[in-house]
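Listed in TrEMBL for this protein:
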type: TRANSMEM; residues: B:34-57; note: transmembrane segment
type: TRANSMEM; residues: B:63-81; note: transmembrane segment
type: TRANSMEM; residues: B:88-106; note: transmembrane segment
type: TRANSMEM; residues: B:112-135; note: transmembrane segment
type: TRANSMEM; residues: B:142-159; note: transmembrane segment
type: TRANSMEM; residues: B:194-215; note: transmembrane segment
type: TRANSMEM; residues: B:246-267; note: transmembrane segment
type: TRANSMEM; residues: B:279-309; note: transmembrane segment
type: TRANSMEM; residues: B:325-344; note: transmembrane segment
Amino acid sequence: MSERVPLVRLDGVGKNYGNIIALRDVSLEVHAGEVACVLGDNGAGKSTLIKIIAGLHRHDTGTYEVQGEPVVFESPRDALDRGIATVYQDLAVVPLMPVWRNFFLGSEKRKAWGMLDVDFMRRTTKAELLRMGIDLRDVDQPIGTLSGGERQCVAIARAVYFGAKVLILDEPTAALGVKQAGVVLRYIVQARERGLGVVFITHNPHHAYPVGDRFLILNRGRVLGYHTKDEITREDLTSLMAGGAELQQLAHELESTSRTVAEELTE
Amino acid sequence: MGQAVADPSPKVAGGDERLAQRSLARRLLSRPELGALLGAVVVFVFFSVVADAFLRAESFSTVLYAASTFGIMAVGVSLLMIGGEFDLSAGVMVTTSALVAALVSYQLTLNLWVGVAISFVVTLALGFLNGLLYVKTGLPSFIITLATFFMLAGANLGVTKAVTGNVASDSVRDMDGFSSARAVFASQLDIGGVSVNITVFWWLLLVAVATWILLRTRIGNWIFAVGGAPASARAVGVPVDRTKIGLFMGVAFCAWLSGMHLVFAFATVQSGEGVGNEFFYIICAVIGGCLLTGGYGSAVGAAIGAFIFGMTNKGIVYAEWNPDWFKFFLGAMLLLATVVNLVVRRRMEQSR
């Protein structure tokens, strides 16, 4: 499609847990400034896929390339060093700690004598969040006082600040209301516009379609479809996601039932 | 600037205003020490009114001394609680530490400073063991340290009886190094005509150092994080296990300092002492605003908790009440403090 070297490229990647085939023959490209959506129902293999990309698991077949170089990650740290950061849905933040402490947790900026450079960290947190479009009055408030969507956004901003080139977002909108999901989607777009490659895992095609450039639909560990945005409509995506043929059959059934009901009513 | 980026609808602006109004009250409430400070004022005024002797400088010095003996331990225990763990062995560990110094020095006729050093190593090793057991087994620290509590309590008595044939260690008063070690661990300093025990200054120093660690170092950040959300902390690269082990060793360090005070204040150490004190340390920390579930609290709060503890302890004596009621008051204060903490945490964790 494009001659640019993708940030992340999976080619025919598969993974077995003992005799269970969790993932088979999956290919995916993530380019800078693009959002690749991975869709699938529960048990489709989404988690296995991101665990491979994030370095938690190793793939058994196929190749995994980062910026054109084949890699085999030993740990999430390896992935992080190559600029691949993962934001997990429930492991994002420590609720009782101030926003700025959360932002720098694990990568604290220090001055002489091991003193924390509090001023720098407060300023940077405020500035970085502002760049993502979050205007916080007080970065000293516990992050638990922010909404679920904002918390995800802080975690995303943190990953971006610490040099992520590829962001893996594990169901960032799953536990959120419509409005908050919208907030997160806006930051996904922000991250894309800042030139990051984003892997956005979701089971909601309505969240994926507006922000995505590529769509990988998984079902029972196999690829059900891999499309760029111009190849697929929102309706196709939704029906693919829901199992395609199965959904059509369901629609027919429902239609005929409602017709019967309608006929009965008119009689 | 921010307005341009964020949605500038009037609804958002209204929300911001509400937030600004609430943030003052919330900022006050979000101080972990607030409840304890109010409590301290109430207790102070109360005893000033009911006990004539309470306001005298010597009485105050006695109150501070009582506060410091528990406050020193409360520093370590509060940090550990912020880190999400308990140490039930803290009380008897003080006695163990004191016994090690006294018995080793006496039996081997060593300079007492050697005993002090050996005790330091042994006590920190005990703290390390607590931490290691916790990290390796993944059992609740409550269970781990309950086990070490019983083991230490038994060993204190057993070893002391086996070595001295008595339930107390032999007096080390006439041994080499006693006076110099006493000067460090148990002397009285004259402050403006009032004699104040040196433990008060050790206590204040520890509180200052602990506060600095908590608020201004990377380790402090990690302590809050491992207590608040260990899995999240691990995910962003915080060494959770090392931090927890370090906190158990922090308690051990405080136990060593308290133990040395015991040795050089009384020269002999009763092997059965210390049982039950662990709860007093926990009470100080909890009154001071540490959450039992971890992730929140302060060393200053624990110090105020210890001060309340000291005032109540001695105030009842100055008021010439039946000291049997002391524990009743302590329990009531604990209940009150925990309720205040609960309210604080609910306010902080509320989502908009």
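Along the chain as shown, the residues are counted starting at 1.
Glycine residues also receive a Cβ, built from the backbone N, Cα and C atoms like all the rest.
TrEMBL entries are annotated by machine, without manual review.
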*Please work out which recorded stretch in B:63-81, B:88-106, B:112-135, B:246-267, B:325-344 has the most C-beta pairs separated by under 8 angstroms from the transmembrane segment (B:194-215)?*
B:63-81
*Count the CB pairs under 8 A between the transmembrane segment (B:34-57) and each of B:63-81, B:112-135, B:325-344, then give me the winner.*
B:325-344
*Taking residues 6+ outside the transmembrane segment (B:142-159), which of them lie with a CB under 8 Å of any CB in it?*
86-93, 95-96, 99, 103, 126, 129-130, 133-134, 167, 271-272, 274-275, 278
*Find the member of B:63-81, B:88-106, B:279-309, B:325-344 that has more C-beta pairs under 8 Å to the transmembrane segment (B:112-135) than any other listed stretch.*
B:88-106
*Of the listed stretches (B:63-81, B:246-267, B:279-309, B:325-344), which one yields the highest count of Cβ-Cβ distances below 8 Å with the transmembrane segment (B:88-106)?*
B:246-267
*So are the transmembrane segment (B:279-309) and the transmembrane segment (B:325-344) touching or not, going by 3+ C-beta pairs under 8 A with a sequence gap of 6 or more?*
yes
